[in-house]
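These notes are about the structure you will find just below.
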Amino acid sequence: MRIILLGPPGAGKGTQAKSISNKFSIPHISTGDIFRKNISEKTPLGIEAKKHIDKGHLVPDALTIDIIVDRLDNEDCINGFLLDGYPRTVNQAEALETILEEKGIVLDTSLLIKVPREFILSRMTGRRVCLNCGASYHITFNPPETDGKCNLCGSSLVQRADDSEETVSERLDIYDAQTQPLIKYYGDKNLLSVVDGTQAINGVFESICSILGEIKK
Ligand code: ADP
Ligand code: ADP
Ligand code: ZN
């Protein structure tokens, strides 16, 4: 199974990605998680990426595409993968197409988690994340079992610097301008499935499973 998750920041991509990755035994590849790991380790990539991420801007395509080229070369991707947060521009989508063509593989679908703008701000300002394993929680909608600790690995949860109210609005504008065109891009290729992301977390997952179940047949 080779899948892309699309949707605005805060749509629930990371949350659903964890469950999809478990159920279908495919690696969850999140460019945002890769950048955050590099930022916390202060690597040259992390230092460069942080300048853009903190402002709510996209990291330049050249850097981002290189990361994906490398990651998809890893042998855990042989039987499939789930991309979360990549591609975010048409240029990145075209680069992905070239990479997959070279490997002789095709995408099964892109899944758009559709959530209107008015739902997003409360989701993002209440988000708490685990920098160790990438799990995402919400102080009201999906609280961890133990306050401030990750259910999966026990690490402390943090609020992302780019989840402030001002940065969220900038990120949503950038999504509309640069990432939204991917809906038509994949729609035109007949590679788009749409899920109602305003449902509760379990409801969204059930909708996704029914779509992926159809594709697997
Ligand atoms: P969210 O979960 O809010 O959608 P991510 O964790 O996917 O955010 O990404 C966090 C930030 O990392 C983005 O706002 C952007 O600055 C950067 N980033 C992640 N993926 C990409 C990408 N494919 N292209 C450019 N920048 C990216
Ligand atoms: P994304 O990766 O698309 O930016 P996340 O998966 O990190 O989004 O979810 C954003 C925030 O919204 C998190 O705090 C998460 O717990 C919460 N969330 C995710 N899905 C739902 C949902 N269906 N209903 C309510 N809150 C949700
Ligand atoms: Zn964790």
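Heads up, the Cβ atoms here are built off N, Cα and C, so glycines get one too.
Annotated ATP binding site per TrEMBL: Gly10, Ala11, Gly12, Lys13, Gly14, Thr15, Arg127, Ser136, Tyr137, Gln199, in sequence order. Residues near Tyr137 (ATP binding site) in space but far in sequence (CB under 8 A, at least 6 apart, same chain), listed by position: Arg127, Arg128, Val129, Cys130, Pro143, Pro144, Cys150, Asn151, Leu157.
Positions annotated as AMP binding site by TrEMBL: Thr31, Arg36, His57, Leu58, Val59, Gly85, Tyr86, Pro87, Arg88, Gln92, Arg160, Arg171. Cβ-based neighbour count (10 Å, all protein chains) for His57 (AMP binding site) stands at 15.
Proximity of Cys153 (Zn(2+) binding site) to non-local residues of its own chain (separation of 6 or more, Cβ distance below 8 Å) is seen for Cys130, Asn132, Cys133, Ala135, given in sequence order. Here TrEMBL flags Cys130, Cys133, Cys150, Cys153 as Zn(2+) binding site.
Long-range Cβ contacts of the domain 'Adenylate kinase active site lid' (127-162) within its own chain (Cβ-Cβ under 8 Å, at least 6 residues beyond either end) map to 10, 14-15, 18, 28, 30, 33, 36-37, 40, 53-54, 56, 168, 171, 201. As annotated by TrEMBL, domain 'Adenylate kinase active site lid' applies to 127-162.
Per-residue pLDDT, averaged along the region 'NMP' (30-59), amounts to 95 for this model. Positions annotated as region 'NMP' by TrEMBL: 30-59.
Annotated region 'LID' per TrEMBL: 126-163, in sequence order.
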Hey, what's the widest CA-to-CA gap across Gly10, Ala11, Gly12, Lys13, Gly14, Thr15, Arg127, Ser136, Tyr137, Gln199, the ATP contacts in the record, in Å?
17
When DSSP is mapped onto helix/strand/coil, what comes out for Cys130 (Zn(2+) binding site)?
strand
Counting distance between Cα atoms, which of the binding-site residues Gly10, Gly12, Gly14 is nearest Thr31 (AMP binding site)?
Gly14
Just counting, how many other CB atoms are there within 10 A of the CB of Cys133 (Zn(2+) binding site)?
15
